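Participant: Provided herewith is a single structure, encoded as structure tokens, for subsequent inquiry.
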């Protein structure tokens, strides 16, 4: 059976926590898939990923609720990037659950525990994780368990030795600035599985994603599985899965663009052809529609994959590396929604160029994400505007 109907909807059962007596925790997977399991080779991994992201988003919501009432909840790493207890808590939570079910599959993720150890913040993270985790019948989570779970995804935790590999890629919170800005700032928990340089599944959770016009609830979870499409449903609520597709825009001047907040439109090559307009008024002459800033690369992928945006493009800058976790899950979600992701030369993103760690990607010029229909035209415009690429 092939799922092609754009209106197809399937039931989904909300995760229901079971009673956990003291010192006993249970791992349960309750997420139904929007397609028959026999169509999805990695359906067990996908179910686990959905459940892990769902729990991680709950952790984020709980931490954010008390974020501004406790000074030790807002931190800053050495690179001056804002980070919160939620980043570390999500990484620990997801790592614990995946390692229980798939102990042989390594994890590539953003954080490591050194910062927590140095700043006496271990207890804050452990308490958040214990509230959401379930790691085994007789297991009790200690501080060391949580720290080891964080470090399982950290730098130097695993060396791939230039061999084809299967591994998870996690961004615990992409868009931390959005996380810190209240309800208006979007942020995403993103998890993907890579098998031999191919992204085979991905799950993104955005707790404050604005509801569709027919649904005033906030929050969404998006999943993709290779060959099975991209789907969403409301986060933290029961509901149906809905198939998602990129938009059908075929004219560049009618497209809706997303860009990275750190790269203003004037710094990007298409600014030589088009002026950007952010308000909702009519467009004139050489104007294009630029959507308001939403923090984090994965937020932009979610926008394109859901059809809310047409294009997201990012310039690669020599002074800042591009991390794999900022893009991996978004790539499969856009692909399975009918879109396209390449570098600025039209080449697919290679996740194995960082041969030993799989933590960095090296797209020529930058990354282009589109609905597919405009992809080649946009690449040609970028090439003509930037002949040195």
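Indices start at 1 and increase along the chain as displayed.
Note that Cβ sites are derived from N, Cα and C of the backbone, with glycine treated the same way.
As annotated in TrEMBL:
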BINDING   110, 171, 173, 174, 326  Mg(2+) binding site
Participant: Determine which residues of this chain, when 110, 171, 173, 174, 326 are set aside, have a Cβ within 8 Å of the centroid of the Mg(2+) site's Cβ atoms, and list them as they appear in the sequence.
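Facilitator: Here the nearby residues are 170, 172, 175, 176, 188, 190, 296, 298, 323, 325.
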Participant: Counting only other Cβ atoms and using a 10 Å cut-off, which of the binding-site residues 110, 171, 174 scores lowest?
Facilitator: 110
Participant: How many other Cβ atoms are found within 10 Å of the Cβ atom of residue 173 (Mg(2+) binding site), counting all protein chains shown?
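Facilitator: Its Cβ shell of radius 10 Å holds 30 other Cβ atoms.
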